[in-house]
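A short worksheet on the structure shown next.
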Ligand SMILES: Nc1ncnc2c1ncn2[C@@H]1O[C@H](COP(=O)(O)OP(=O)(O)O)[C@@H](O)[C@H]1O
Ligand SMILES: [Mg+2]
């Protein structure tokens, strides 16, 4: 640990997230994360797979401090999350998150959803925030809907707006928690395409997903989580063709 | 079969029914339904007939006509009535401006329902008994609303920040109105003891509404707070004031506070009344707002936090706008009952509309005119409360973003 802090500048340059032996309990008895370690390098795309209820959401949400953890350490973008509570908002500015249920703000227009945080958190002038928001909306293919409200869009469109909203803060890391699980099948593709482009542009991404195709093509590494521990960590080829762990093979046989 | 289907496709069945069919289907569908309809119709007609017979032949409307100024403004000095008219003028102008700004995107402000309402108000203004200048002043007020509505629409489309300036304008207008009512600073001062009638009712209700709203929101947030002191204080406040009848709070304000405080340090009685109404109403508002707060999904808060917003910003930009929107009907309901509850102040000796009515009825020449006076009271209250609930429905419609 001390070594990590001493060489902070070096870590800043090539490591996005380093989680070491993270433990979390819900209440006193339910040990949901049981010693999870994961390192995500800058520019890397890490996909987390695993059965439902295994703790994937809980784990990914510790990276932007939406969940607390009780033991271990997490360093995100060079800032240690475990001890310094003051850094929470600093971390969240640099880490974007996309949720399964989109969570767009229903009382704000699409454009206002995207410009809200840049204006209030980054303190950008409205004109600048709107200009960048329009560029992002164009990038995710929602430009024509900028003045509409989230309730007037399809699920796929909403999720693309949610991605644009997160990107508007110009984050260094993006977290995706099952971004396509709440979508009708015909809309999955449009969201995955946006994520693929984002990965191609060099974004550091941690993605919880069941989309095998996406994982196979986009991931640099895939990890399998089961019962609160990381069972396997492998490149996509290894993961899908010759997984080392029995648990992984069992999981793959269920989803493929 | 095929031809039948084709026919139905080419000639969609028209579901419009004639009035006669409607009557048959809804009121005379079975023999007992028909019987019920006839009995009810007879009862209603008999009631309406009785009412009009009374209203035209028996009722003595003199009491309303003679005492109209007392009903409206109490014992406010006659030579200062111009100040009241100025106040009504200010309110009409700002109401018109706000209406225009809010409706700036609409094709026209003067839709048919609006024209009908304006027509009715103008007709009433002209038809009610009274001197010609009085009628002209009423018409002028309608004119101010309409004219400023038009101006507001024109300006609102040119200056996008006008809405924000308007809230500020209302605040300045309120201070101006307060000065006009109280006097001083160059105009004759009028003691609040001389305020009365509808003017006092509306003044107390409006000020209490504007004070209790922020207080209620703060209490609702306090109740959800993670800081124990704030949480306990909020819960205690809410539960204590919800457990007390309003009348006992008002009694305490009017009768007990003077016992504790020496002469000269006693706050004004209108102020005490407003304080009582505000304390009481904010406890109920807090519960209405809490209902709204609970309806905001956790995902909203998480999404806002994930963007780096701190807690005050999450509350102000994400949680409260959604919570208040959900709570509008119950909040407006609370405002309406607050407005009606001002009548309780008659019991502790204030001469708001009801108190003034009671003191008019106590005069020998109007003894026994209860029905006329209370009917008049009822109509005034109904108009104002109905306007509030219409306003709330408009607001809900305007805030509806399709989710
Ligand atoms: N707030 C909570 N309190 C208690 N248990 C929870 C809470 N959130 C999640 N859990 C439980 O923790 C386990 C892991 O949940 P989660 O991280 O959402 O799994 P996954 O995303 O892999 O499906 C599940 O058994 C779930 O029921
Ligand atoms: Mg999950």
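Even glycines carry a Cβ here, placed using N, Cα and C.
Per TrEMBL, the stretch carrying the note transmembrane segment among B:30-52, B:53-75 is B:30-52. Non-local neighbours of the transmembrane segment (B:134-153) in the same chain are 85, 88-89, 92-101, 103-104, 109, 118, 121-122, 125-126, 128, 162; each lies 6+ residues outside the stretch with a CB under 8 Å from one of its CB atoms. Beyond the transmembrane segment (B:82-102), the same-chain residues lying 6 or more positions past its ends with a Cβ under 8 Å from any Cβ of the stretch are 72-73, 76, 109, 137, 140-142, 144-156, 162-163, 166, 169-170, 173, 176-177, 180-181, 183, 187, 199, 398.
Long-range contacts of the transmembrane segment (B:109-128) within the same chain: residues 99-100, 103, 135, 138-139, 142, 146, 149-150, 153, each at least 6 residues beyond the stretch ends and with a Cβ under 8 Å from a Cβ of the stretch.
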